[in-house]
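What TrEMBL records for 3-142 is domain 'Glycosyltransferase family 28 N-terminal'. Annotated UDP-N-acetyl-alpha-D-glucosamine binding site per TrEMBL: THR10, GLY11, GLY12, ASN124, ARG166, SER196, ILE252, GLN297, in sequence order. What TrEMBL lists as domain 'Glycosyl transferase family 28 C-terminal' is 190-348.
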Amino acid sequence: MKVVISGGGTGGHIYPAIAIANKIKEENPKAEILFIGTEKGLESDIVPKAGYKIKHIPVSYLKRKISLHNLKSGGLLLKGLMEARRILKDFKPDVVVGTGGFVCGPVLFIAAKLKIKTLIHESNVFPGLTNRILARYVDVIAVSFDDAKKYFKDLNKIIVTGNPIREDFLKVTEAEALIKYPKHPNKPLILVVGGSGGSAKLNNAVIQLLEKHPNDQFELLWATGKNHYSKVMDSLPKSSSTIEKHRIVPYINDMPYALKACDLIITSAGAMLLSELTAAGKASILIPKAHTAENHQEYNARALADKGAAIMIKENNLTGESLYNGIDKILQHSDGLDKMKLASRQQARVEGNEKIYEAIVKLLR
Ligand SMILES: CC(=O)N[C@H]1[C@@H](OP(=O)(O)OP(=O)(O)OC[C@H]2O[C@@H](n3ccc(=O)[nH]c3=O)[C@H](O)[C@@H]2O)O[C@H](CO)[C@@H](O)[C@@H]1O
């Protein structure tokens with residue numbers, strides 16, 4: 001089996017691509033897998049680390065109004081289409097899979113035109129623009145949420161699979177996680193992560209919180225995002241021992257362990273992190289990023305908050321104090337925390353890899 005997988009820009013599009021690749025390899029060790037991404041996206045770092053080959057094509061996003069940027073993007077898109085065509089003709093895949101991000105546009109479009117079997121996966125409740133455009137050309141549209149179906153026209157192509165998450169999120173035990181992330185005996189561990197790129201708004205609120213409540217009763221494991229790290233470290237209160245009390249890193253490379261070890265998660269509402277934290281049965285405080293396309297993170301967050309698995313704080317209400325109050329409300333009542341964990345576990349959909357693999361096999365019959 002020869003498979004091309006394309007998805008990129010942010011972790012939310014790359015990790016599901018890797019989860020699908022791992023599943024194909026597990027079922028079919030001789031499968032040849034090639035990733036297609038962009039040089040600038042996180043994929044050029046994450047994909048080789050996961051042990052897969054990647055080829056790059058140029059691509060850029062379009063603004064929603066006429067501009068010089070769009071003229072340049074149009075030129076890049078043309079180059080991207082030609083490059084995608086060259087790579088696909090050369091590699092000759094049996095199937096091409098897309099997991100979202102602009103790079104999927106040219107790759108999946110050309111694959112469909114070359115009559116190669118195609119499947120796209122949409123991880124959010126509200127589908128991204130690239131997938132909405134590609135929907136009419138591809139053979140199968142795998143969605144994570146029932147609610148996502150209503151945004152696509154051709155219901156015959158749709159299967160509901162859930163998000164494909166890395167196997168380790170299901171395999172790592174708490175004991176194994178605590179070896180990597182040991183906890184203070186009397187303090188809950190709170191994971192803070194603003195998605196794969198970090199979130200300046202969330203980071204600022206955490207800085208405010210630590211300024212006002214320096215001796216608090218919890219420990220943070222805080223991934224600031226690579227581009228925010230030095231700014232956060234410069235802004236933290238110097239007088240207290242904040243830096244020694246909490247673990248502050250630019251990025252977490254072993255998220256299945258970090259998630260399993262912690263008691264509560266504070267995060268933006270990217271679809272993959274939400275699938276991962278429900279698989280781990282964790283309670284969360286969700287801060288949907290306000291300026292995401294069509295406000296799709298709020299749809300994701302509501303899906304969990306409405307079920308009692310999370311509390312949501314909108315970015316415009318986010319301050320150190322509102323964050324502190326949210327944490328306090330959850331941690332003060334262990335009953336409440338347990339109920340949230342249970343509700344979170346009930347929302348978990350862990351069969352994404354299996355279902356997508358089955359759909360690929362069916363396509364190739
Ligand atoms: C601003 C924006 O538009 N973000 C989108 C992007 O988010 P983003 O890339 O932030 O996506 P998610 O929060 O869904 O996923 C982040 C992924 O990165 C991993 N991770 C993150 C931080 C870290 O330190 N280590 C690590 O491994 C997480 O485990 C997860 O697998 O794609 C998601 C999936 O389409 C969308 O739902 C988000 O709305």
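Here the Cβ of each residue, glycine as well, is placed from N, Cα and C on the backbone.
Just so you know, TrEMBL annotations are computer predictions that nobody has curated.
This view paints the features noted in TrEMBL onto the structure.
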{"residue": "THR10", "record": "UDP-N-acetyl-alpha-D-glucosamine binding site", "Cβ within 10 Å": "18"}
{"residue": "GLY11", "record": "UDP-N-acetyl-alpha-D-glucosamine binding site", "Cβ within 10 Å": "21"}
{"residue": "GLY12", "record": "UDP-N-acetyl-alpha-D-glucosamine binding site", "Cβ within 10 Å": "26"}
{"residue": "ASN124", "record": "UDP-N-acetyl-alpha-D-glucosamine binding site", "Cβ within 10 Å": "29"}
{"residue": "ARG166", "record": "UDP-N-acetyl-alpha-D-glucosamine binding site", "Cβ within 10 Å": "21"}
{"residue": "SER196", "record": "UDP-N-acetyl-alpha-D-glucosamine binding site", "Cβ within 10 Å": "23"}
{"residue": "ILE252", "record": "UDP-N-acetyl-alpha-D-glucosamine binding site", "Cβ within 10 Å": "17"}
{"residue": "GLN297", "record": "UDP-N-acetyl-alpha-D-glucosamine binding site", "Cβ within 10 Å": "27"}
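Taken in sequence order, the binding-site residues ASN124, ARG166, GLN297 that lie near ligand 1, meaning a CB under 6 Å from one of its atoms, are ASN124, GLN297.
For the domain 'Glycosyltransferase family 28 N-terminal' (3-142), the model gives a mean pLDDT of 93.
Taking every pair among THR10, GLY11, GLY12, ASN124, ARG166, SER196, ILE252, GLN297, the residues listed as contacting UDP-N-acetyl-alpha-D-glucosamine, the largest Cα to Cα separation comes to 22 Å. Broken down by DSSP into helix, strand and coil, the domain 'Glycosyltransferase family 28 N-terminal' (3-142) contains 64 helix, 27 strand, 49 coil.
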